[in-house]
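Among the features that Swiss-Prot reports, active site, proton acceptor is placed at 77, with the record citing sequence analysis. The Mg(2+) binding site annotation in Swiss-Prot covers 30, 75, 83 and rests on sequence analysis. Residues or ranges marked as ATP binding site in Swiss-Prot (evidence: sequence analysis): 73, 86, 450.
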């Protein structure tokens, strides 16, 4: 059984491969889910629903905080939000696939909990469990979807605040998931709840970027960029694009910091990021935002100017950028830039119908418009449909859109099924997943976090996995796995 602890990742010695001179990156997505149960005689508290989901996990792991055999972290966050943090991914498409594997894992847990609720009490025989991959509940509480990017340590926080934030805020015109607030469809789920730009706190405030220094890698080489401004997407395209476009912008920043020059994105610093965020939430691509330099522009125009700079950078550094995406099965630099240009052109043309096949808020808008054209639709019904779109357990709207070719998908069910139990390749997730899978079939007591694997009993032994890019076993790791093999053999030979 596992025991969990958090590692500060403070290294004594450097990693073998620091990737300080290339653009290789580690990606990760953390998703908190909302839960509720309907069709029961008495209301059920969300925390009780969440604990019901995690009962099998607790029986197996003796904790609501564990790692699974694909290397990802599964846990019950503060309050009543089940959370899934994907294992380290080497490219955007692996991050997408890992995120969808988390969705499938949560769905299976939710439907299993629903079955047990129905069987536990005749009054609950029609219980329906809802598991929402969104960022706000009907009571106005917000929960997050956080992106993680491994960034070279020489990229300072000032550059992140003044260069990256304008991009992150304005990318929501095509990555926003949309939220019906009772009167209108807003463009994002999360923007209304963000009240700070950059901060190390997440409990007292909701910053756009969290600066708590937990790289889960060699801290002399890297920092972990923890992006909080962003929505939980159902659209596979939106998830892929938010990771892929952010990667290209980060590559520009790293090159500038490495070379001691500017990125050409400094001119786009915002006068008031919070105000810009709120404006985009209500007005989308055409929201007017003030720049620190004194002029104003629209969110769409700012994205267009940023894309031009990225295209120019890619023209001069194409080989290095392509090398950073060499393992990506879905996208290369040309595809990312082409899709970026395409979506901005569709936004400029106000072509919501075409956008609805890949952009979550546009998909909702088109569907809502069709309903309203057929007759009166109440705000309560639209709110219900908005939630249904994000319900991965019993929702019907999003699966129906996919089945009818109205929402584009990039990976199939078989790939997602395999990713539930298979770690993303080319990262230390391979080693962690192999360790967890082996340990879970023994009576050994083991300990696990992002950088350390540890046996507690029958022997005390650990292996440190500090380099997230390293997927080859070390001597420490081989010795650890050997002990697990012995423990499994001893268990097999034990008398019944």
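Keep in mind that glycine also has a Cβ here, set from the backbone N, Cα and C atoms.
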Residue 83 (Mg(2+) binding site) and residue 73 (ATP binding site), Cα-Cα, nearest whole angstrom: 8
DSSP-derived structure type at residue 30 (Mg(2+) binding site), helix or strand or else coil: strand
Rounded distance in angstrom between the Cα atoms of residue 83 (Mg(2+) binding site) and residue 450 (ATP binding site): 16
Residue 83 (Mg(2+) binding site), number of other Cβ atoms within 10 Å: 23
Other same-chain residues whose Cβ falls within 8 Å of the Cβ centroid of 73, 86, 450, the recorded ATP site, in sequence order: 28, 30, 67, 71, 72, 85, 87, 88, 429
30, 75, 83 excluded, remaining Cβ within 8 Å of their centroid (Mg(2+)): 31, 32, 73, 74, 77, 81, 82, 84, 85
Residue 30 (Mg(2+) binding site) as reference: those recorded positions from 77, 86, 450 with C-alpha within 10 Å of it: 86
Binding-site residues listed as 75, 450, least Cβ neighbours within 10 Å: 75
Entry from the recorded positions list 30, 77 having the most other CB atoms no farther than 10 A: 30
For residue 86 (ATP binding site), nearby residues of its own chain (Cβ under 8 Å, 6 or more apart in sequence): 28, 29, 30, 72, 95, 98, 99, 101, 102, 424
